[in-house]
Amino acid sequence: MAGAAGPGSGPGAAGGDGDDSLYPIAVLIDELRNEDVQLRLNSIKKLSTIALALGVERTRTELLPFLTDTIYDEDEVLLALAEQLGNFTGLVGGPDFAHCLLPPLESLATVEETVVRDKAVESLRQISQEHTPVALEAHFVPLVKRLASGDWFTSRTSACGLFSVCYPRASNAVKAEIRQHFRSLCSDDTPMVRRAAASKLGEFAKVLELDSVKTEIVPLFTNLASDEQDSVRLLAVEACVSIAQLLSQEDLEALVMPTLRQAAEDKSWRVRYMVADKFSELQKAVGPKIALSDLIPAFQSLLRDCEAEVRAAAAHKVRELCENLPAEGRETVIMNQILPYIKELVSDTNQHVKSALASVIMGLSTVLGKENTIEHLLPLFLAQLKDECPEVRLNIISNLDCVNEVIGIRQLSQSLLPAIVELAEDAKWRVRLAIIEYMPLLAGQLGVEFFDEKLNSLCMAWLVDHVYAIREAATNNLMKLVQKFGTEWAQNTIVPKVLVMANDPNYLHRMTTLFCINALSEACGKEITTKQMLPIVLKMAGDQVANVRFNVAKSLQKIGPILDTNALQGEVKPVLQKLGQDEDMDVKYFAQEAISVLALA
């Protein structure tokens, strides 16, 4: 590159011409060749600044050829370059000159690193829209053809992503050539190329004329769906969604459904997984009639698949499948053709399958209505609530509101609540712990009145559990409940019960009072803390057990910042000073620490 700011010039070259404005640009251009990768990367990221300074003509004639010739760099630098060039049209003189950006991007689309190629293709797709139809045929289509017939598989995979953007604006003769190139890539010897073609088959189908979809795309789909590589076959399933949307019911039944049915029974679980994963989209694409006759049987076999991953993917789609069924006859189809399979999955041996089902099964209550929910779904919910897998239980509890809307709180409390209470009092402390963690969620769904009536006593009972982890979790639970239900509720319902525990004969329970005060003080605010909690804490400073006394010091340190100066100086300070002289070393230490932290010395 010639001139003051040429890449070969040092920074001094620009300065020597007396043009100081180009000095930093010369530095940036020099850095494009620097041995330090980070400097090259920084310079590439400022490429638009360099281009602006050079002007459109020099960018076209000097910068772009330089970049094209030097594309032998670290992947990170090439990735940044591919991204920058996608937004460069304005810097080379606008759409009339967009074709100047094609050579460097063509080189980038052939490199070994996938992320660089993908970014180059993304930028090429962007730039294709800025070409006029004439320029597209003169410059862009030849580039696509070169990539499509390149010796290296890398260029051929990149070509697959470019057919759909140039096809709609091409002339009929060129369209035929583009289709021919795409066909040959679909039967390429290299699996990576066939994969790339299969992944773009649906996108390409959308821009083709209907006749071409039927005569060319469908045969390609059929071949790719029976490819020897399962990674190609599963991408063909994805393409099926787009293809199905384009065809009439008659053509679908004759041309596509046999292949799709075959995919649902493919010998590779990955292909069957893809059918399950795309099931809702396929159901919408083929329409209600074919869905009932062809897809429901396929779905049943996926729900009973020998691979857990496939069953889990199908289970995830149960709710959507049921919601997408035509309203007329929906209930009968679900009750006779889906529910028996769901019942089996509730006791599946794999926890991922059960968890997937639990995340959607509650939603069926809105589809099936009150009576069916009570008779058929509630027993399943109960079974899942008692499942040994915590995730299954959580997914049921998290979605209780769906059922609440359909059957009402009273019915819910009569059926599911006893199970929740049973778990809350389970002999295994880890089960109790799991229920505590769900409690704020449950409380939010059931509302304050219901909570006070049915669950409040449980929450208080956990505070005196014989396992410390339960007492600790119960304390945090109270704080979350106060955040949900507000300070007035705390003042009337929770705080009095917590403070009564300060007189408990068991010192562990007395300490729990302090832990609760630590957790609740912030949520309850200054007034409740000062008037109701502080007097109890101060009184406990005279406890006979040293562990209680040093926790008093820790509590005063915790709630101190919430209190006003009068309370701190008049009430807290004397008590901490007294504890600071305690005969127990730990009490003395924590009292002195509190005095220091609260600046009461």
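Backbone N, Cα and C atoms are what each Cβ position is placed from, and that goes for glycine too.
Residues or ranges marked as N-acetylalanine by Swiss-Prot: Ala2.
Among the features that Swiss-Prot reports, repeat 'HEAT 1' is placed at 20-58. Over the repeat 'HEAT 1' (20-58), the average per-residue pLDDT in this prediction is 74.
The repeat 'HEAT 4' feature in Swiss-Prot is assigned to 136-173.
Here the repeat 'HEAT 5' (174-212) has, by DSSP, the following mix of helix, strand and coil residues: 33 helix, 0 strand, 6 coil. Here Swiss-Prot flags 174-212 as repeat 'HEAT 5'.
Counting same-chain residues at least six beyond the ends of the repeat 'HEAT 6' (213-251), those with a Cβ under 8 angstroms from any Cβ of the stretch are 179, 182-183, 186-187, 191, 194-195, 197-199, 201-206, 259-260, 262-263, 266, 268, 270-271, 273-275, 278, 281-282, 285-287, 289-290. If you look up Swiss-Prot, you'll see 213-251 marked as repeat 'HEAT 6'.
Residues annotated as repeat 'HEAT 7' in Swiss-Prot: 252-290.
Here Swiss-Prot flags 291-333 as repeat 'HEAT 8'. Residue counts for the repeat 'HEAT 8' (291-333) under DSSP (helix as H, G, I; strand as E, B; rest coil) come to 33 helix, 0 strand, 10 coil.
The repeat 'HEAT 9' annotation in Swiss-Prot covers 334-372.
Taken from Swiss-Prot, the feature repeat 'HEAT 10' covers 373-411. Below 8 angstroms of C-beta separation, residues 335, 339, 342-343, 346-347, 351, 354-355, 357-359, 361-366, 419-420, 422-423, 434, 438, 441-442, 445-447, 450 of the same chain, each at least six residues beyond the ends of the repeat 'HEAT 10' (373-411), sit close to that stretch.
Within its own chain, the repeat 'HEAT 11' (412-450) has Cβ neighbours under 8 Å at 374, 378, 381-382, 385-386, 390, 393-394, 397-398, 400-401, 403-404, 458-459, 461-462, 465, 467, 469-470, 473-474, 477, 480-481, 484-485, 489, counting only residues six or more beyond its boundaries. Taken from Swiss-Prot, the feature repeat 'HEAT 11' covers 412-450.
Outside the repeat 'HEAT 12' (451-489), and at least 6 residues removed from its termini, the chain residues within Cβ reach (under 8 Å) are 413, 417, 421, 424-425, 429, 432-433, 436-437, 439-440, 442-444, 497-498, 501, 504, 506, 508-509, 512, 515-516, 518-520, 522-525, 528. The annotation repeat 'HEAT 12' is assigned in Swiss-Prot to 451-489.
Feature annotation from Swiss-Prot assigns repeat 'HEAT 14' to 529-567.
The repeat 'HEAT 15' annotation in Swiss-Prot covers 568-601.
Each residue in the repeat 'HEAT 12' (451-489) gets a DSSP state, and the totals come to 32 helix, 0 strand, 7 coil.
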